[in-house]
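Read the structure below first, then the notes.
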Amino acid sequence: SDPSRFFCACRVVKFRRTGESSRSEEDGISGEHEVQIEGVRTELEPVELGDGAAVPKEFANPTDDTFMVEDAVEAIGFGKFQWKLSVITGLAWMADAMEMMILSILAPQLHCEWRLPSWQVALLTSVVFVGMMSSSTLWGNISDQYGRKTGLKISVLWTLYYGILSGFAPIYSWILVLRGLVGFGIGGVPQSVTLYAEFLPMKARAKCILLIEVFWALGTVFEVLLAVVVMPTLGWRWLLILSALPLLLFAGLCFWLPESARYDVLSGNQEKALATLKRIATENGAPMPLGKLVVSRQEDRGKMRDLFTPHFRWTTLLLWFIWFSNAFSYYGLVLLTTELFQAGDVCISSRRQEVKAKCSLTCEYLTEEDYTDLLWTTLSEFPGVLVTLWIIDRIGRKKTMALSFLVFSFCSLLLFLCVGRNVLTVLLFIARAFISGGFQAAYVYTPEVYPTATRALGLGSCSGMARVGALITPFIAQVMLESSVYLTLLVYSGCCLLAALASCFLPIETKGRGLQESSHKEWGQEMVGRGSHSPGESQE
């Protein structure tokens, strides 16, 4: 029969082999740590396992009298707590997406209003990414040293403050500095994924991190709709101020967020970790594992050299390139979309001459049709999420990333053909769906591949490399485009082909593995064969 149907009518999950004494020697030691959750009753009969019967996989570590955070998270499962956490983490993502999407809307507007040459328009986009790039690793470090919640709270409040302030910028140099500071704050938002992933059971992890990306798509769509309403009436200053709304909401809900139990255990704060796990179990109405919560070995947290140990060196370098290509292509496409739409319904080959003939100070405001098409290509992120969601647990993380890059590359090459506006919109739709899917797969893979001690730093450094790609991309998508459309498309297509190869060469596939607690263990040992370890081994 299906192992998932084994439940225990008692309030605490505990399995005993037939003939085994009901109290083991360790019970006396661990008795004080036993956790009983009141009010949790099920109507199923208790199950006693015969000799040699397999313990249901759903309950990690059922026979030891010690358990690790991974075991507790697996036993408690997915429930009410994770749903709430999904929405709160989602708000941080939504805000990040809106601050990014605003760049492609703000650029043509300021180009016209302040008569900026194209290099200054590109610089306005790049300065945001300079801020993100310079701060990503710093936020990762803060999250590994002082806690996920602390890092996230500071970065969100920082972004909120400078985001609202940039709406009052009187001149170009002011908005340049303020948007750079906004970028510095946004660099910390990916840490919400670190916090989120550490509370998710193994089976739900990929699906949940992908569904969080739905909030990113919602953010981009909301930003375009906000621009349609706000830009013609109130102008770009109000758009900047109103775009900070999700951050305001997130800042208000931040007090509810718990600190990561994995982080607490690693920093030696066992009681706090146990209290957090009890709170989740109570909220989910699920039982806690019996016994004593085991502390992983005390490690130096958040050291850059840990990313380059022989075990992780290749993974880190390949991931850096994958993240670089992801952001380079994704943001390049976002900026190209408005540029290509503004050129009108012309063939790309003739568009090149037309673009050449334009003075760099000639300006065109975004029309209603431009906004409509921008909305359509933005909506492509939803099918992107669905496609990735469908394939990521079937073909694995690495192949999902490789496939996304290949499809994007193919669509970029198709733009070489003489296409009308409708076909252009469709090709941009497909390309954006897949490149955003590739980004999502990278967000699932990266927290899974690094151990708890360096997880936030690993994700932060990858995110920093992504910002390097995003930093270069405006000069390709906005400046190089003026001299050659073909060369621009070729750069994006070539970069993604290389990234597809890099994805295939990644040494570790994380599909179906648990999150690694300690960097001293062989990769994936946490969940593979955990039942056979003695309690002493668990403490490694």
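Glycine is no exception: its Cβ is also placed from the backbone N, Cα and C atoms.
Please treat TrEMBL annotations as automatic predictions, because they have not gone through curation.
The annotation domain 'Major facilitator superfamily (MFS) profile' is assigned in TrEMBL to 85-511. Per TrEMBL, region 'Disordered' is recorded for 517-540. According to TrEMBL, the transmembrane segment annotation covers 85-107, 119-142, 154-175, 181-197, 209-230, 236-257, 311-331, 374-393, 400-417, 423-445, 457-477, 489-508.
A mean pLDDT of 82 is what the model gives for the domain 'Major facilitator superfamily (MFS) profile' (85-511). Counted over residue pairs 6 or more apart, the CB atoms of the transmembrane segment (236-257) and the transmembrane segment (374-393) come under 8 Å in fewer than three pairs, which marks the two as apart.
Listed by sequence, the residues of this chain that lie at least six past the ends of the transmembrane segment (489-508) yet keep a Cβ under 8 A from its Cβ atoms are 314-315, 318-319, 321-322, 325-326, 328-329, 332-333, 398-399, 401-403, 405-406, 408-409, 412-413, 415-416, 435, 438, 445, 449, 476, 480, 523. Residues 92, 95, 99, 110, 114, 116, 120, 124, 135, 139, 142, 181-182, 184-189, 191, 237-241, 243-244, 247-248, 250-251, 254 of the same chain sit 6 or more residues outside the transmembrane segment (154-175) yet have a Cβ under 8 Å from a Cβ within it. Put simply, of 119-142, 209-230, 374-393, 400-417, 457-477, the stretch with the most CB pairs closer than 8 A to the transmembrane segment (181-197) is 119-142. Note: the stretches the transmembrane segment (423-445) and the transmembrane segment (209-230) are in contact (3+ CB pairs below 8 A, sequence gap of 6 or more). The stretch in 119-142, 209-230, 374-393, 457-477 that contributes the largest number of Cβ pairs under 8 Å to the transmembrane segment (400-417) is 374-393.
Between the transmembrane segment (457-477) and the stretches 119-142, 209-230, 374-393, Cβ pairs under 8 Å are most numerous for 119-142.
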